[in-house]
Amino acid sequence: MGLQLSPTSPAGKWLGFVTAVWVQAISGNNYTFSNYSDALKAIMNLTQLQLNILSVAKDVGKAFGLLAGIASDRLPTPLILLIGSVEGFIGYGVQWLVVSGTIQPLPYWVMCIFLCIGGNSTTWMNTAILVTCIRNFRKNRGPVSGILKGYVGLSAAIFTDFCVALFSDSSSSFLLMLAVVPLLVCLTAIFFLREVPPPSTSGEEKEEVRYLGVFNFVAVVVAVYLLAFDVSGTHGHVFSLVFAITLLILLASPLLIPLYVAVSKSLSNSDTERQVTTPLLAMAEETAPEEVENSCTETVVVEVERRRPVIGEDHTIYEALRTVVFWILFVSFLCGCGTGLTVMNNMGQMGLALGYSDVSIFVSLLSIGGFFGRIFSGWASEYSIEKTATPRPLWNAASQIIMAAGFIVMALAVPGSLYIGSIVVGMCYGVRLAVTVPIASELFGLKYYGLIYNVLILNLPLGSFLFSGLLAGILYDAQATSTAGGGDTCVGAHCYRLVYVLMAVACIIGCALDVLLAIKTKSVYSQISASKKSKK
């Protein structure tokens, strides 16, 4: 009586989700720029504007995520993961060579290219994970998005705390981790993550919700554990080593779920022949209706010109771009993510401006705040849809207002304002990312979801360029004084005050757009809510 752990078996599905969680836990390396930006600035003698353009180059890599979106409908998940992991190894590996002094600093434009390559690597990883898991767990898109995006939020804290614990916060060691660890994790996920049929019975759906709750609990434990390490001050070598080992055990603990599923299925199916044939029959039952549906669709296309889909149905990218709803979602996403990225990219200099020589605690707070925002909003938005038909975009609207308040607190520069601002901005940024993922699939369908999602995240490099590269870079340099090496520096609350105020205004605009989107899509969420209630 062997255990069934093939990628298409019930246990294999959960094993694939475990590896998906691991990939997301290491794919937030774009959010760690502040950890090594000062090292790059010193080695290359950069001004703040030049440094910010480097960070924009990192985010511009996401613009080429369109390639990953197109590939998601044509290439298997393992190949998409392999492309992303190799890109990350090259992009961050070259940065490590420069920061570690292994090679001489490369020309500025060459460094921009390698930062772009490193930034693009995460789009391949995220596309592979999100498209596959949203399709595998289509009945629980909110919770799945919250868990996956939550681990992306924790990624910066995981990398930062590991580096602090093992390498005393060394910038070169940190970059080496960013190059090597994602490659190893993605190579593991390649063997287990596959697209599988969704649950076909109510019992399987309830089981799915129960297991996702366990993943959620483990994620919260990991987040609290990281937060405790961050706020407990400096630690000795032995303590730090114990911390790192325990963190690895926590990250590996979800493996108990596929093991439990495999054992329970093995015990309940004593007939070996039935174990082999049932999945094949299930696959046949899943594919047959799909073939009929496709043939019917083709007939309709031949006999009648294809009508324009309404919101809530499958859209091609061209059809989505022709809707007002898409552009409202796009611009509101720009307001929330562009401002959030500005804080993440400039946290090193924001901390120095207020007298903090070590900003790793703020990077971790941003990361952990982002995690709780993603986890909470994923489950809460799903619950509110089912119970009260609350449009999911209203969660984005609420996060925008709270983020605006966080920026005002940071502008006031009262004692502890950077701690408060880091948590608030991280949390609201996390809500925005986690909630927008299922919104896109609910409004424009799953058929072309990979490409539509990657078009939406074009506003990450755009927002980074507008808010971080131009707004923050220019206003900071206007307040800064030149240094002997050709760079510049600014110390004081005035350095970023106007930047915070203008970003608060952008968040208020984003909130208004989200409210408008909620009004325009209310009927869609009423239908989703009615569908959930009728199935129960």
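Positions of Cβ are set from backbone N, Cα and C atoms, glycine also.
Record features (TrEMBL):
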type	residues	note
DOMAIN	13-259	domain 'Nodulin-like'
TRANSMEM	79-100	transmembrane segment
TRANSMEM	106-134	transmembrane segment
TRANSMEM	146-168	transmembrane segment
TRANSMEM	174-193	transmembrane segment
TRANSMEM	214-232	transmembrane segment
TRANSMEM	238-263	transmembrane segment
DOMAIN	315-526	domain 'NFD4 C-terminal'
TRANSMEM	324-344	transmembrane segment
TRANSMEM	350-373	transmembrane segment
TRANSMEM	394-413	transmembrane segment
TRANSMEM	419-439	transmembrane segment
TRANSMEM	451-476	transmembrane segment
TRANSMEM	496-519	transmembrane segment
>> For the domain 'Nodulin-like' (13-259), report the average pLDDT of the model, please.
In response: 87
> What stretch, picked from 79-100, 214-232, 451-476, has the most CB pairs under 8 A with the transmembrane segment (350-373)?
Replying inline: 214-232
>> Using a Cβ cut-off under 8 Å, which residues of the same chain at least 6 positions beyond either end of the transmembrane segment (238-263) come close to it?
In response: 3-5, 9-15, 18, 21-22, 25, 158, 161-162, 164-166, 211, 214-215, 218, 221-222, 225-226, 229
>> Pairs 6 or more apart in sequence, C-beta under 8 angstroms, 3 or more of them: is that satisfied by the transmembrane segment (496-519) and the transmembrane segment (394-413)?
In response: yes
> Based on Cβ pairs under 8 Å, which of the stretches 79-100, 106-134, 146-168, 394-413 lies most in contact with the transmembrane segment (451-476)?
Replying inline: 106-134
> With pairs 6 or more apart in sequence, are the transmembrane segment (419-439) and the transmembrane segment (79-100) linked by at least 3 Cβ pairs under 8 Å?
Replying inline: no
>> Using a Cβ cut-off under 8 Å, which residues of the same chain at least 6 positions beyond either end of the transmembrane segment (146-168) come close to it?
In response: 20-21, 24-29, 31-32, 35, 126, 129-130, 133, 174, 177-178, 181, 212, 215-216, 219, 222-223, 226, 229-230, 235, 240-241, 243-244, 247, 251, 360, 363-364, 366-379, 426, 430, 433-434, 437
>> Counting only residues 6 or more past its boundaries, what in the same chain has a CB within less than 8 Å of a CB in the transmembrane segment (214-232)?
In response: 17, 21, 143, 146-147, 150-151, 154, 157-158, 161, 165, 243, 246-247, 250-251, 253-254, 257, 361, 364-365, 367-368, 371-372, 375, 379
> For the transmembrane segment (79-100), which stretch among 106-134, 174-193, 394-413 has the most Cβ pairs under 8 A?
Replying inline: 106-134
>> Quick test of the contact rule: Cβ under 8 Å, at least six residues beyond the ends. What residues does that give for the transmembrane segment (174-193)?
In response: 7, 12, 15-20, 22-23, 25-27, 29, 32, 35-36, 77-78, 81-82, 84-86, 88-89, 91-93, 95-96, 99-100, 118, 121, 125, 128-129, 132, 159-160, 162-163, 167
